[in-house]
């Protein structure tokens, strides 16, 4: 009974609502229970809460998605850095292998250079011996080779040290080549001088043999042009014409200051040539003089020379 009265007095709330105010003259009164109002309020709050929850969840999802993207970017950067490090390591490995190859090549070049230097020095000593000079001691080269080996071993692949040592060897070789070139020039001059001296020595062996007019063999007798023709043919391989006048036209004349052993000295009057001799050095000639004196040595200006010809070349 009390609940009924309480319900009637407190649970119901009176509301006056004007429905269609333009068509009704009086408002409509109706009563809404409190619990209905409460339910309506709860529905409103639930709806608002759902909206707020959805909005918050969406924001969180977006935040998570953003963080995920950041993590993926960071992971990508880490992967790129890792790949870069791996590439650098590979490059370093290749560089080291290349350095080791260069070191081996430089070591081989060092050995080859020393070998070539020894060959060059050996050849130089041969030339020095031929022209009467002191030879070069090879012990210095052996010491250099040992020193090079120690440097390579102690520096464990230091290309710069090997390169420095190789440069030193090349500098030594350059000096040796210069010496070799100079000695080669000297030996060439010596060989030319020796060749001329051989021609002179060959001619001098006939001194004392007879002069024979028209003769071409100094062993049995020859005239002046026959004597020079025979000597040059047999000692130097040079073919001459038969007469002195013809032999004087074998080549251009040279000055008296340039005369060398083995040159032909012509005598006559003016442009006329009637005699020829072989210059043997020290102002002397060997020639088939005449029937009275035969083949002999004379001062080269016993008559006035009219022409000097170099038939042996330089």
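Here the Cβ of each residue, glycine as well, is placed from N, Cα and C on the backbone.
TrEMBL labels come from automatic prediction, so no person has curated them.
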Transmembrane segment per TrEMBL - which of 34-55, 56-77: 34-55
Residues in the domain 'NlpC/P60' (193-314) grouped by DSSP into helix, strand and remaining coil: 32 helix, 40 strand, 50 coil
Segment confidence, the domain 'NlpC/P60' (193-314), expressed as mean pLDDT: 96
